[in-house]
Amino acid sequence: MAKKAKNSEKNGPRHSGNFSQESGISGNLWLATVVLIGLFVGFLNYQHIYTLFENDKHFSHLADFEREMAYRTEMGLYYSYYKTIITAPSFLEGVQLITRDTVTEHGHQINTLNRFNLYPEVILAFLYRPFRALAKSANWQVETCWQVNRGDLRPVESCEGIGNPHYFYITGVFVVAGTVATSLFYLGVLVSDSIFGGILSVLCFAFNHGEATRVQWTPPLRESFAFPFIIGHIAILTYIIKYRKSSTAHLLLLISAAVPALLFWQFTQFAFFTQICSIFAAFSMDLVPLDTAKTIIKSHLSAFFISFVMLFGNEMMIAALYFPSIWALATVIYISPMLAGIRLRPLYLLILALIFGSITLGLKVGFSKGLGIEDDAHIFDILRSKFTSFANFHTRLYTCSAEFDFIQYATIEKLSSTLLIPLALLSIGAFSWDFLSKTSLLWRTLENEDSEYGEVIYNLVQLICSTTMAVLIMRLKLFMTPHLCITVALLANSKLLGGDKIAKTVRSSVLVGLVAMLAFRGIPNIRHQLNIKGEYSNPDQEMLFDWIQSNTKQDAVFAGTMPVMANVKLTTLRPIVNHPHYEHVGIRDRTLKVYSMFSKKPVAEVHQTMKKMGVNYFIFQLMNCSNDERRPECVYRGMWDEEDPKNSARTSLCDLWILAANSKDNSRISPFKIVYNPNRNYIVLKI
C-alpha cells in the first residue's frame, strides 16, 4: 500500500477537475455552477429557518427582556455572556469578566470560556461592538423601535433590525446554520459525481427539515454553531479522500473547519471520535492512500492542540475518546507499511483493529485515571443506564428527558413516510452490490489500492455511527438525518443501478420520478413547518423578575431548578449557584445539593446545605413537585426516593412547601420563609 500511496497525488486525482464533471459542461462552468448552487441553497436555508423562528416566537414584536426570557434553560446561559461582553466598557473588559466569572457559580471564580465553549458569543460580541459604533458614526438606520400594546400587561418597547443585539446574535446563528444546506449539496455532488445528486441531497434535507435540525427553535445552543462546521468538515474530508489530496493547503483547510467545531461545542469531540473510527474503516480497507491518511490525522492532531490551548486547557478534551483515538489512528497509519506483506484481509483488519482499539481504550483509561478527570463520567453512566438497571440522580435528569431517550418510533415513521429511509437503504444496497463485485474481501491486492469509492465508504461508516448515536440519544438525530440525505444522493451516481447499460434519458426520468415521490410528502412537511404560529409570553416569569429587581439586593444569591437559574442570571444579573451546563463534575455535585429542596431530608439539614452554599433565595415552582404515575422515577420525588432511600419514609419537602404556600403559614418550614407567592406558579423562599 505504501508504494502506491507515495505517488497518489503526484499522478493526479482519479477524477478530472475539482468536482466531477458531467458530459458537455466545461470544467470552469461546472465548478462555477456547483459553487453558485451551493451558495443559493445555503441562502434559502438561512431564510427558511429565520422565518420559522419568527413565526414561532413573533420575535419582532417582543421587548428585549421578553427575548431574554424566550432563551430557555442553557440558551439563556450562553446568551448572558454575549450580553456581558457587549455591555462592558470595552471588549477586552467584557472578555475578562467571563474568564474571571464569579456570578455563574457563586462562591468561586470560573473561566467560562474554558467551561462552556463560548467562542461564538465572543466572536459575535467582537463583531457587534464595532458594527454598532460604525453605524452610529455613519448615521445608518440599523434599528427601528416602536411601542407594543400587550393587552392586560404594560406596554413595552420593541426594537427590530440588525443593530439590535438580539437580532445581530440570531442573524449570526442563522447565517452559520444556513451553510448546512451548502455542505449537503457539495457532499451530494461528491458522492454522486452529479449536480443532480447534490440537489437530491438538499431536497431530502428540506423535506425532512423538522427531523434534521432544531436551530430554528433553539438558536443559542452549541450545536447550532458547531454542527455547520462539522458537516462542512465532512464535506472537505470527503473531497480530500475522493481526490487523494495531501498538500499543506488541504491540511490547513481541514484544520480551519475542525477548530471552530471543537471550540463551539463540547460534543464535537465525540462526533470527531466517530469520524476517526470511520476513517480507520476506510483506511484499513485500503481505500485511503497513506499520504492522504497522514494529512487527515495531522489535521486532527493540530486542530486538537489549537482548540485545547484556546479553551485554556479544557480537561474534558484530554479524557474524551477523541484524543486517544487520534494517537491510535496515527499509530495504525504509520505502522501499516510494516504490515504490507499481510495479504489475508481479515487478518490485516483484525491486527489493525486490535491496535486501534487497545490504544484508544488504554489511553482513555490512563488519562482519566491518571489525571483524575471525571467530567465525562456521566456520559458513560447514561449509556450504562440505557442497557442495565443502573440509574442515579444525574442519569435520571438526562434519560427522563425525551431528547436523551432512545429515538422515537414516530421519528422513524416520519423519515420513512418521506421515503428518506427507504431510498437511503436502496442506495446502500446498490452501492454495496457494485462495491463487493469489484473488491476482494478475502485478499488484499495491489489493484484494491486503487479502488474507487473511498469517500463513499467513509460516509457510509459515518452514517452507521450517526445512526447509532441517534438511536441511543434522540437529540443526536441531527447527525443521522443529514447523512441519510447524503446517502440518497448515491442514486444519482451513473455508475450505480445499471451504470452505462441504462440510457441517460431513462435514468434522468427515474430521478425526476424520485423527486416527485419525495415531494409528495415533503412539501406538506414544509408547509406544516411554515404554518406553526406562536407568540412568546410568560407573564408569571416577568412578574417574578420584576419582583427580584425591586426587592432583592444586586448581590443576592439565587438557587433553583437549572432552567430558571439561567434566565435569572441573564435578566436580573443576580449571582446563581447552579446552572444548566451539566458537563462538569463540580456543577453536578452542586445541583444535587440544590435539588435536595425536593427531597425528604430534614428541613434543618437542607437549610444548612443552602446556607453553606451562600444561597439567599430559592425559586420554586409547584410543577417541580408534580407526580407522574406512568414514570414515577422521572419526577423529583421519585428521583430522591431512589437517591436517598434512608429518608424515603419521611414527609417530602415538596408537601411542606405546598402546604406553606397554600396556608400562608411558614411555621412548618422554618427557618425558611416564603417571601413571594402571588400565583400558583413561582414561589420564592428566603433562606
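First residue shown is number 1, and so on along the chain.
Backbone N, Cα and C define each Cβ position, glycine as well.
Noted in Swiss-Prot for the protein shown:
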- 24-44: transmembrane segment (TRANSMEM)
- 170-190: transmembrane segment (TRANSMEM)
- 191-211: transmembrane segment (TRANSMEM)
- 223-243: transmembrane segment (TRANSMEM)
- 253-273: transmembrane segment (TRANSMEM)
- 276-296: transmembrane segment (TRANSMEM)
- 303-323: transmembrane segment (TRANSMEM)
- 324-344: transmembrane segment (TRANSMEM)
- 347-367: transmembrane segment (TRANSMEM)
- 415-435: transmembrane segment (TRANSMEM)
- 454-474: transmembrane segment (TRANSMEM)
Tell me if the transmembrane segment (191-211) touches the transmembrane segment (24-44). I count contact as 3 or more CB pairs below 8 A, with pairs 6 or more residues apart.
yes
If one takes Cβ-Cβ under 8 Å and requires six or more residues beyond its ends, the residues near the transmembrane segment (170-190) are 19-20, 34, 37-39, 41-47, 49-50, 53, 59, 120, 123-124, 127, 162, 197-202, 205-206, 213, 215, 219-220, 224-225, 227-229, 231-232, 234-235, 238-239, 242, 455, 459, 482, 485-486, 489, 492
When you scan the chain for residues with a C-beta under 8 Å from the transmembrane segment (191-211), skipping those not six or more beyond its ends, what do you find?
15, 20, 22, 33-34, 37-38, 41, 45, 48, 180-181, 184-185, 238, 411, 414-415, 418, 420, 423, 455-456, 459, 477, 481-482, 484-495, 508, 511, 514-515, 518-519, 521-523, 525-526, 528-529
Would the transmembrane segment (223-243) count as touching the transmembrane segment (276-296), if touching means at least three Cβ pairs under 8 Å and pairs must be 6 or more apart in sequence?
yes
Would you mind listing the long-range same-chain contacts of the transmembrane segment (415-435), meaning Cβ under 8 Å and 6+ residues beyond its ends?
204, 207-208, 211, 453, 456-457, 460, 463, 481, 484-485, 487-491, 493, 495-497, 499, 514, 517-518, 521-522, 525
Most CB pairs under 8 Å with the transmembrane segment (276-296): which of 303-323, 347-367, 454-474?
454-474
Can you see whether the transmembrane segment (347-367) and the transmembrane segment (454-474) are touching - at least 3 CB pairs under 8 angstroms, only pairs 6 or more apart in sequence?
no
For the transmembrane segment (303-323), sequence-distant contacts whose Cβ falls under 8 Å of one of its Cβ atoms, 6 or more beyond its ends:
99, 111, 113-115, 117, 119, 254-255, 258-259, 262-263, 266, 269-270, 272-273, 276, 360, 363-364, 367-368, 371, 373, 375-376, 583-584
